[in-house]
Amino acid sequence: MAITYTLKILTDFSSAHTLRDYPGECRRMHGHNWKLEVEVTAQALDQQGMVMDFKDIKKSARQLCAQLDHRYLNDISPFDRINPTAENLAAFFYRGLSQQLNNERAWVSAITLWETERACVRYTEDQSP
């Protein structure tokens, strides 16, 4: 039986965007109060008995959120080229946080991005050892 530990943190940010070439109301500028869940997984603990310090995950997530907070996403790379959909934002967070947090033992295993209280996207990539 494989043992797995998964840490989860939650942070938030607010931003506006428009969806290009979208046939519905979201083609007009509108905003969201996004909730970002970051999951970090490991199959072994470090010398302190931890997967990773929660504060390190929070710090990295907050730094990435700060780049988008109270901004018009369509003006920020890569969303000046690709649609700032919840799906594309989740992939953006996954890849950015993976670069900052992944190590030989632990990895970002999932990003869940809540657009509203009732709508979210979960993004994962296979990165298990």
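Glycine is no exception: its Cβ is also placed from the backbone N, Cα and C atoms.
TrEMBL entries are annotated by machine, without manual review.
Under the three-state DSSP scheme, CYS26 (active site, proton acceptor) falls in the helix class. Cβ contacts within 10 Å of CYS26 (active site, proton acceptor), excluding its own Cβ and spanning all protein chains shown: 13. Residues or ranges marked as active site, proton acceptor in TrEMBL: CYS26.
Under a cutoff of 8 A between CB atoms, and with a sequence separation of 6+ in the same chain, the neighbours of HIS70 (active site, charge relay system) are PHE13, SER14, SER15. Per TrEMBL, the feature active site, charge relay system maps to HIS70 (among others).
Sequence-distant contacts (6 or more apart, same chain, Cβ under 8 Å) of GLU115 (active site, charge relay system) comprise HIS32, TRP34, ALA86, VAL121. The active site, charge relay system annotation in TrEMBL covers GLU115 (among others).
Around HIS30 (Zn(2+) binding site), taking its Cβ as the centre, 11 other Cβ atoms fall within 10 Å, counting all chains. Sequence annotations record features per position, and here TrEMBL assigns Zn(2+) binding site to HIS17, HIS30, HIS32.
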Other residues, Cβ within 8 Å of HIS17, HIS30, HIS32 Cβ centroid (Zn(2+) site): SER15, ALA16, THR18, CYS26, MET29, GLY31, LEU73, PRO84, GLU115
